[in-house]
Amino acid sequence: MFISGRRTADKWRAEERLQCPAGSARAALARCADGGAVGPFKCVFVGEMAAQVGAVRVVRAVAAQEEPDKEGKEKPHAGVSPRGVKRQRRSSSGGSQEKRGRPSQEPPLAPPHRRRRSRQHPGPLPPTNAAPTVPGPVEPLLLPPPPPPSLAPAGPAVAAPLPAPSTSALFTFSPLTVSAAGPKHKGHKERHKHHHHRGPDGDPSSCGTDLKHKDKQENGERTGGVPLIKAPKRETPDENGKTQRADDFVLKKIKKKKKKKHREDMRGRRLKMYNKEVQTVCAGLTRISKEILTQGQINSTSGLNKESFRYLKDEQLCRLNLGMQEYRVPQGVQTPFMTHQEHSIRRNFLKTGTKFSNFIHEEHQSNGGALVLHAYMDELSFLSPMEMERFSEEFLALTFSENEKNAAYYALAIVHGAAAYLPDFLDYFAFNFPNTPVKMEILGKKDIETTTISNFHTQVNRTYCCGTYRAGPMRQISLVGAVDEEVGDYFPEFLDMLEESPFLKMTLPWGTLSSLRLQCRSQSDDGPIMWVRPGEQMIPTADMPKSPFKRRRSMNEIKNLQYLPRTSEPREVLFEDRTRAHADHVGQGFDWQSTAAVGVLKAVQFGEWSDQPRITKDVICFHAEDFTDVVQRLQLDLHEPPVSQCVQWVDEAKLNQMRREGIRYARIQLCDNDIYFIPRNVIHQFKTVSAVCSLAWHIRLKQYHPVVEATQNTESNSNMDCGLTGKRELEVDSQCVRIKTESEEACTEIQLLTTASSSFPPASELNLQQDQKTQPIPVLKVESRLDSDQQHNLQEHSTTSV
């Protein structure tokens, strides 16, 4: 068996020598050594491999002699080299072939299906013990074994293509270029220096030092000193077949990170400056001293900006109270942002001929035809406190002014941003008066739950998001004390804060423009009241809160079994936050009388603040002169409460129809911190756009209720106390003045109250407050807090004359 295997190998080797030239003997020998015998038969060829060393040396000598002839030919350029030059011979030749002939020192040669090895620089081969080199300066060119004589082309030698290996990936090599004497391009050196090399054993680090030595000799640039030793950098092939080094990725990432970080650093440092004309001395930007302002001269050599100087002169004139012509808004003042509608409103001044005409703006709505009066607190900030009071008097006089038909000229008047000094209403009462009882509706239900304002504040805070909250609205509470079924309490500190505004001080139910003379603010039957609305929104059925009360089951079982297709609409419920058209009034029955109303709006924020005030209400107001037509068209029941006076909602289609019939209206959007005034006989409807806490009250103006009528009301109230028996004492409260006297002294005090032109008694008798003594027409309202039996006696003597 052993002999037959050996004969078979000898026979195969003889056939290979006949078919292949001497140049391909080593390839055949390699195939015979590795594939010709398996297992114990492999040792037979070890001795025969040594016999082939001489033939290999002859082949290498012949290749070295043919190289000068090939180099003498015309060489192509680096970028236009033929494809055969790019592919280089395998590393299974030369010294590795000779090493294979010594089995005691080196392992046998790897099979021919391994990767090809690329040699980038055609420098001299490193000296070896077994392979003698041909003397001479000529560098041997490594060529692949030539093909058989029948298939060899006449042109230059081209490497024979090998079958693609099954276990290793293909590599794409850069074109082989011969380095010329002289300096090279930096990119060329980088490409050769960082190229991937492998040794004869497949280890990329085995030939690293030799290649570095070659670079040093070829370039000729680093002849002295220690050569720089750098580890070969790794290359990663991309999907297009191109190679990219790992350091390129790192550099790209660093550049991207630096750019991004630079943007983030510069993002928050931009100063908000709108114009050079609004930069004041306080900002340190104009560099204008006070001496220059007083002299009124500009030095041309100082390089001052004329526009900045003009603005500062105008600003100084604004604060000097110099008169009507000089009192104006500085020409350089520009608001940060305003809508087109607001810009058109501010551009229209109301020519009243007074000192404050530039601060009053009149809007004539083109769609509805009604007039609206506007004032802006950012413009009024230039006014002093005394001038603010005078402006508020003039503004309110225009607001409630009427024509010969007793119809107001303006459908609405707004002071934008006038309530900015007040705290958030809901936060104020939740933290200062947490146990105040309130009535809270369940969202989307008709149930009412009684809770504390602190608990309501917690629910709003938990469900608030982006301007709305998903909890039930809070019904109105009284801020001047609860009567009968009302909810609320008396909050004198909060009322004092309201009176700090000159607009509210005159228009509160006990204000200077009111016809009522209340000795105590808790006696007011006209408010103020406060309520909170969540804003109109669509609520998914899954988010709808469940009622705490049990519902009765429907008696009709067929309705429960009926199938209603959903089509494409989601299952959600519209929560309407609307107050239909109504007219504010006082009195009941024959005493019904329309009156004016005042409101203050504070948006529910919970930490979401913005530069622009948020829109809270969408309001439609009809002109007071069209009061009768609107009542007939909308079928209002004026004797009902405001919530139930009208059964239909007035939308755009209805407004257009009413406008064609000659009815005028105004459509306004009220924002956070706005104070609005509605004259009498103005029918209006509200829609809550976002979560808002509102204050509102009625005011009985003096022009609506003459002094004679107020005096008669005071006489009737005094008549009620005339018939009371029993002893009454004089008590003075911090807020209220209660007049309690003996029955014998009642007639004298009634005469005092009914006679407006009589002299006022000294303060020592009635212990009146100082501000009441200075009033020109003192009218005192007698307050009686009686028991049930005393109230019965009061009704019996109500018809008694004075």
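Here, residue 1 is simply the first one shown, and the rest follow in order.
Placed from the backbone N, Cα and C atoms, the Cβ positions cover glycine too.
Look at Swiss-Prot and you will find 65-244 tagged as region 'Disordered'. For SER81, the entry in Swiss-Prot reads phosphoserine, with the evidence type a large-scale study or a structure entry. Swiss-Prot lists 123-151 with the feature compositional bias 'Pro residues'. According to Swiss-Prot, the feature compositional bias 'Low complexity' maps to 152-170. Summarising the annotation, Swiss-Prot assigns compositional bias 'Basic residues' to 183-198. For 210-221, 232-244, the entry in Swiss-Prot reads compositional bias 'Basic and acidic residues'. Annotated motif 'Nuclear localization signal' per Swiss-Prot: 252-263, in sequence order, evidence recorded as sequence analysis. Here Swiss-Prot flags LYS290, LYS313, LYS740, LYS781 as SUMO2 cross-link, drawing on a large-scale study or a structure entry. Per Swiss-Prot, the feature 2-oxoglutarate binding site maps to THR579, TYR676; the stated evidence is similarity to another entry. Among the features that Swiss-Prot reports, Fe cation binding site is placed at HIS582, ASP584, HIS684, with the record citing similarity to another entry.
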Inter-residue C-alpha distance, THR579 (2-oxoglutarate binding site) and HIS684 (Fe cation binding site) (nearest angstrom): 9
Cβ within 8 Å of the mean position of the Cβ atoms of HIS582, ASP584, HIS684: remaining residues of the chain near Fe cation: ALA581, ALA583, ALA597, PRO642, GLN645, ILE678, VAL682, ILE683, GLN685
Under 8 Å by Cβ from TYR676 (2-oxoglutarate binding site), same chain, sequence gap 6 or more: LEU412, ALA413, ILE414, VAL415, VAL598, GLY599, LEU601, VAL619, LEU670
Other C-beta atoms that fall within 10 angstroms of the C-beta of HIS684 (Fe cation binding site): 22
Cβ neighbours within the same chain of ASP584 (Fe cation binding site) - under 8 Å, at least six residues apart: SER594, THR595, ALA596, ALA597, PRO642, ILE678, ARG680, HIS698
Fewest other C-beta atoms within 10 angstroms, as judged across THR579, HIS582, which are the binding-site residues: THR579
Across the motif 'Nuclear localization signal' (252-263), average pLDDT on the 0 to 100 scale: 56
Local backbone state of ASP584 (Fe cation binding site), from DSSP in three classes: coil
